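Working notes, structure below.
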Amino acid sequence: MATRSSPEAPQTSEVYPPGEDPRRWRALIVTLAGGFMILLDVSVVTVAVPAIQKSLDATASGVQWVVSGYPLTLGLVLVAGGRLGDAFGRRRMYLFALTGFVLTSVFAGLAPTLTLLVVARLLQGLVAGLVTPQNGGLIQDLFRGPERGRAFGLLGATIGVSTAVGPVIGGLILDLFGDPDGWRWVFLVNLPFGALTLVLAYFFVPTTPARSVRSDIDVTGMVLLGLTVLAVMFPVVQSDSGGLARYWWLFVLAVPLGYGFLRWERRRVAAGHAPLLDMRLFAARGYPAGIAISSVYFCGFAGIFLVFAVYFQTGLGFSPLESGLAVTPFALGSAVSAWIAGRLVSQWGRLVTITGLVMIAIGIAVTGVLTLVVDADHLMAALVLPLLVAGLGGGAVISPNTTITLSCVPPGMSGVASGVLQTGQRMGTAVGTAVLAAMFYATIGATDGNFSAGLAVALVGSVVLILVALVLAVVENRGNAGKKQLENFPEQTMTSG
């Protein structure tokens, strides 16, 4: 029988046993809508890069911060966001952070200079990083048994599809609003959509209990982990303007910072306090491998959309809409396969991920070859099939891997577990975008402006990284953590301390 608790809103006062809340599917749809909007902003801006450069008279390295700054700061706070959701309640954190995301989106859309736009994107990433862990946490709180696997499948599909369709939606927005400031609506469109999502979340997302003592929040751990992530990511984001040479010392600094973070977390556990990152997470079968696969895959996958946008618009003279439509086969394939793969993962486990990695590697490799041998007039038609294959593969990677990885952990650690997984994804996105863009621009400079060669080299880098993720997935599957993993997930009893 349902009981009463202190409500945050009249609509959310009923407390149900885990897996029995009748609002759980409505709550999931609403929170995934917010997650879709936040992850869409990772890739939707890529198609607007040439327009932003023209409108704000920005350099390539300057506009790189508009693209990579967002996933950088998003990645800084994901683990902390998961812990704050544990401490303050996921519904409260979701509403608070999503409000901040809407406001910073307006700031970005109205920014009169490149500097203010970069600041807005950095702030936007910070609040976005507080939203995304709540999705995985709510799934762990509200769902049990086979339903939890299906819910994680929808989360994975949302992650994959939102990243893939970003360039298409961005192209449509730019075509609708035109020059010189149509790019601003890439950010301003978040205002009506975000406001609607906030209203729906207020009514449909139930209150979940806090699992941590608020006074015991690990602020020192948050700072140490944030500085470690920043030290690794900053030089890479600056790589196309000589950042690796100028800021190499940050990689060195990351080592003692990371070591200090681990020592601090062990001290907190020994003292009986709740750590920011419970190291027992990494003892859960399949969880560390899932993080590694996801991080490397996003490094190779997410960066291709920026180089595609610059190649099509600057190199071939496509409009933003044409540029977005050129990668539509990838988005369509990703959407279809994410839905199908979510249904297959309970039976086939990691084999679904392996198949997807093979398909996307083949699709991107063929795409790179075709850009070198097909003329511009026929290129878009020639790329339909390989990009469709790549998209089908991409959708079969993210959704199953998310399901397998997050189903490894018990509800009490779900917020942090989701935060760690998505930290790896966002770090991979920022690093991959910077590295592939640097390869792209360096090749163009070395070949007297040959954009096709630049794209081909960048896609080679993408394929290499995806193959690394494939090797990790194969090794993990051979270690008997693949096909039958899901059978044991609900029975794990690890607690959060």
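Residue numbers in this text run from 1 along the chain shown.
The backbone N, Cα and C atoms fix where each Cβ goes, and this holds for glycine too.
TrEMBL does not curate its annotations; it predicts them automatically.
Note that the structure is a prediction, hence the values are computed from the model and not measured.
Pulled from TrEMBL, these are the features on record:
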type	residues	note
DOMAIN	27-479	domain 'Major facilitator superfamily (MFS) profile'
TRANSMEM	93-112	transmembrane segment
TRANSMEM	118-139	transmembrane segment
TRANSMEM	151-173	transmembrane segment
TRANSMEM	185-205	transmembrane segment
TRANSMEM	217-238	transmembrane segment
TRANSMEM	244-262	transmembrane segment
TRANSMEM	289-312	transmembrane segment
TRANSMEM	324-344	transmembrane segment
TRANSMEM	351-373	transmembrane segment
TRANSMEM	379-398	transmembrane segment
TRANSMEM	427-447	transmembrane segment
TRANSMEM	453-475	transmembrane segment
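When Cβ-Cβ distances below 8 Å are used as the criterion, the transmembrane segment (185-205) is approached by residues 9, 11-12, 23, 26-27, 30-31, 33-34, 37, 41, 44-45, 48, 90-91, 94-95, 98-99, 101-102, 105-106, 108-110, 120, 138, 170, 173-174, 176-177 of the same chain, each at least six residues removed from its ends. A contact between the transmembrane segment (351-373) and the transmembrane segment (453-475) is present, since 3 or more of their C-beta pairs, 6 or more residues apart, lie under 8 Å. Here the transmembrane segment (289-312) has Cβ contacts under 8 Å with residues 42-43, 46-47, 49-50, 67, 71, 163, 166-167, 318, 322-323, 326-327, 353, 357, 360, 364, 371, 394, 397-398, 401-402, 404-406, 408, 420-421, 424-429, 431-437, 440, 451-452, 454-455, 458-459, 461-466, 468-469, 472-473, 475-476, 481 of the same chain, all six or more residues outside its ends. Residues 42, 60, 64, 67-68, 71-72, 75, 229, 232-233, 236-240, 294-304, 306-307, 310-311, 453-458, 461-462, 465 of the same chain sit 6 or more residues outside the transmembrane segment (427-447) yet have a Cβ under 8 Å from a Cβ within it.
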